Amino acid sequence: MGVLEIAKGMGLTLGKLFQKPVTVSYPEERATLKPRFRGRHVLTRHPGTGLEKCIGCSLCAAACPAYAIYVEAGENDPHDPVSPGERYAKVYEINMLRCIFCGMCEEACPTGAVVLGNEFEMADYRYNDIIYGKEDMLVGVEGSRAQRRDAANAGKPVRVGFRVDGGARDELEGVTYPQ
């Protein structure tokens, strides 16, 4: 009985040896993403006017089960509007470490301003860089966040480190950390 089971196992191994490998040599090769893939959040603009679609209603923040979104609304100036309507998102922040990419914010948005895109490379060196602000997410800003940062830091040495205290955020002190 033991010899038969060993022969079956060896046969299975030999059969798998000649099959095409499933792995992808990332980053040289890119895997094709599924149409329903949920990646980095994007805030969109109206195509004709260029105004932001976000009206600062905070429905995305209310729908977020991970409490990753913070929205602070501001009154729109009628002479220089930021978005159509009376209000706009003065502050829009999303903590990508808390986000679970469920898409509830996208579904809750009444104007279609929040869209989960296809970008999935969001690693960074510092905690504060993982909290995306409105300027990091608006479509129409040249290049991605990482490309703009790399262009600004071209030729500068990069210092990589870690926090000894674990990097826990203190609610009373806010999100600013010493470098």
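Every residue number used here counts from 1 along the chain in the order it is shown.
Just so you know, glycine gets a Cβ as well, placed from its N, Cα and C.
The domain '4Fe-4S ferredoxin-type 1' annotation in Swiss-Prot covers 45-74, and the record cites sequence analysis as its basis. Mean per-residue pLDDT, taken over the domain '4Fe-4S ferredoxin-type 1' (45-74), amounts to 93.
Taken from Swiss-Prot, the feature [4Fe-4S] cluster 1 binding site applies to CYS54, CYS57, CYS60, CYS109, supported by sequence analysis. Cβ-based neighbour count (10 Å, all protein chains) for CYS54 ([4Fe-4S] cluster 1 binding site) stands at 26.
In sequence order, HIS41, CYS60, ALA61, ALA63, CYS64, ILE69, VAL114 constitute the residues six or more apart from CYS105 ([4Fe-4S] cluster 2 binding site) in its chain with CB-CB distances below 8 Å. According to DSSP, CYS105 ([4Fe-4S] cluster 2 binding site) sits within a helical segment. If you look up Swiss-Prot, you'll see CYS64, CYS99, CYS102, CYS105 marked as [4Fe-4S] cluster 2 binding site.
Residues 33, 37-44, 52-57, 59-74, 127, 130-134, 137, 144 of the same chain, all 6+ positions outside the domain '4Fe-4S ferredoxin-type 2' (90-119), place their C-beta atoms under 8 angstroms from a C-beta of that stretch. As annotated by Swiss-Prot, domain '4Fe-4S ferredoxin-type 2' applies to 90-119.
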Need this for a regression test: binding-site residues CYS54, CYS57, CYS109, filtered to those with Cα within 10 Å of CYS102 ([4Fe-4S] cluster 2 binding site). What's left? none
Cα-Cα, CYS57 ([4Fe-4S] cluster 1 binding site) versus CYS99 ([4Fe-4S] cluster 2 binding site), nearest Å, comes out at 19
Neighbour tally for CYS109 ([4Fe-4S] cluster 1 binding site), based on other Cβ positions within 10 Å of its Cβ: 20
Cβ neighbours within 10 Å, counted over all protein chains: which one of the binding-site residues CYS57, CYS60, CYS99, CYS102 has the most? CYS60
With H, G and I counted as helix, E and B as strand and the rest as coil, say where DSSP puts CYS54 ([4Fe-4S] cluster 1 binding site). coil
